[in-house]
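Enquirer: Sharing the features that Swiss-Prot gives for it:
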ACT_SITE  Cys456  active site, cysteine persulfide intermediate
BINDING   Leu183, Ile184, Lys265, Gly287, Gln296  ATP binding site
DISULFID  Cys344-Cys456  disulfide bond
DOMAIN    61-165  domain 'THUMP'
DOMAIN    404-482  domain 'Rhodanese'
Amino acid sequence: MKFIIKLFPEITIKSQSVRLRFIKILTGNIRNVLKHYDETLAVVRHWDNIEVRAKDENQRLAIRDALTRIPGIHHILEVEDVPFTDMHDIFEKALVQYRDQLEGKTFCVRVKRRGKHDFSSIDVERYVGGGLNQHIESARVKLTNPEVTVHLEVEDDRLLLIKGRYEGIGGFPIGTQEDVLSLISGGFDSGVSSYMLMRRGCRVHYCFFNLGGAAHEIGVRQVAHYLWNRFGSSHRVRFVAINFEPVVGEILEKIDDGQMGVILKRMMVRAASKVAERYGVQALVTGEALGQVSSQTLTNLRLIDNVSDTLILRPLISYDKEHIINLARQIGTEDFARTMPEYCGVISKSPTVKAVKSKIEAEEEKFDFSILDKVVEEANNVDIREIAQQTEQEVVEVETVNGFGPNDVILDIRSIDEQEDKPLKVEGIDVVSLPFYKLSTKFGDLDQNKTWLLWCERGVMSRLQALYLREQGFNNVKVYRP
């Protein structure tokens, strides 16, 4: 089998040296992706296309599908390469190849020709088109908007019968631009923004700020692995996980409510910039869109950017949510994003949309920056190729109950502000308050002879914190969902 890879048009308008470099990189990327399907596969680069030849017919569909997902490819032609002697020979071969497709259809013939011949491309189109029209009674020539277009390519003494055309994702080959670090949360925005930078030729590494234990991290790892495996598997990339619960706890405990959102983002940018510097990455990528939430106003984004010299790229800055969700659906991350949990208690109730630098800096003086340094130092760096195996590990299950027994105590893990606004009172059982950001350090001080029923408004944080406590060896925890 043979495929002809057509280059993304922006590649073809580059200078000769740049174009050759892009083609060389794309050829290497294709080899890296396809070597898993057929070890005998050959990839040959030319000035205006790349040929892929393989022997294993069983891998035809898999190879074709993989090619449509490699950045830098405009479209793929699946072809049959045969010798020919003259125009009549071209017609006879086209008749055998296309007869069934043209029955009862309107059609036209389009020919591209390279080399020296005693006929032109138009001569071949007329001869082959006329012959097909005469020999297939139910077919009819229609030069504008035909139902079927017969594509032929003539190169020297070879005829390429084009059996199918398949659209690629376009863009630049990965590796033609410098590396970036994507701040991935598993939601709609970060997945789409990561894809857009891969499509633009960047090797995208991932940085994840963990707020909810192993279950949360496993979910986001699956999104990152999916994106890499589907669009970026030609290159090795890193997945860096940072346990950000201590940072969130420090913010919730010491920072004024209205400034929490901006300061949390500033802390994330500081941490990600340190990771980027450690690995020689040139820029950060976020999924922020202008005005989508309170921290994404121009004033707040400027204040967030000010904490780092690292370039921050925001490919979705002018996109609306509907457009982003449609893109997520196209690339296959929509289902991941819809099931990714939201975290109660992390977002302030009255966030500022126009933060003042002096106020932000005054609030940050209350923050213990040694906590930020520590979580960055302890960040977990994994080769993304290992994630498939690691995410298969069993996540400890935790029981969810809607009632309680005589030895049970409800543990309200919401933030202090939420508890003050909506105190939890349940008849017949004691309720103890312990904000989620203190669980890792204070849960062991509670009476371990009791069974603790963790509760929060949405039930997401309580489940994740119960999973975390189970992983730490506390088996006396359940999730309370009345």
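Every residue number used here counts from 1 along the chain in the order it is shown.
Quick reminder: no glycine exception, Cβ is built from N, Cα and C everywhere.
Source: prediction; values computed, not measured.
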Enquirer: Where's the emptiest Cβ shell within 10 Å among the binding-site residues Leu183, Ile184?
Expert: Leu183
Enquirer: How many of the residues that make up the domain 'THUMP' (61-165) does DSSP mark as helix, as strand and as coil?
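Expert: The breakdown for the domain 'THUMP' (61-165) reads 38 helix, 38 strand, 29 coil.
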Enquirer: Give me the non-local Cβ neighbours of Gln296 (ATP binding site): same chain, 6+ apart in sequence, Cβ-Cβ under 8 Å, ordered along the sequence.
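Expert: Within the chain, Gln296 (ATP binding site) has Cβ neighbours under 8 Å at Glu288, Ala289, Leu290.
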Enquirer: Count, for each of the binding-site residues Lys265, Gly287, the other C-beta atoms lying within 10 angstroms of its own C-beta, and report the residue with the smallest count.
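Expert: Lys265, out of the binding-site residues Lys265, Gly287, has the fewest neighbouring Cβ atoms within 10 Å.
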Enquirer: Give the distance between the Cα atoms of Ile184 (ATP binding site) and Cys456 (active site, cysteine persulfide intermediate), rounded to the nearest whole Å.
Expert: 25
Enquirer: For the ATP binding site, please report the maximum Cα-Cα distance among Leu183, Ile184, Lys265, Gly287, Gln296 in Å.
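Expert: Across Leu183, Ile184, Lys265, Gly287, Gln296, the two farthest Cα atoms sit 16 Å apart.
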Enquirer: Counting each residue once, how many in the domain 'Rhodanese' (404-482) are helix, strand and coil under DSSP?
Expert: 28 helix, 17 strand, 34 coil
Enquirer: Just the number: how many Å between the Cα atoms of Gly287 (ATP binding site) and Cys456 (active site, cysteine persulfide intermediate)?
Expert: 27
Enquirer: Measuring Cα to Cα, how far is Lys265 (ATP binding site) from Cys456 (active site, cysteine persulfide intermediate) in Å?
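Expert: If we compare the Cα positions of Lys265 (ATP binding site) and Cys456 (active site, cysteine persulfide intermediate), the gap is 24 Å.
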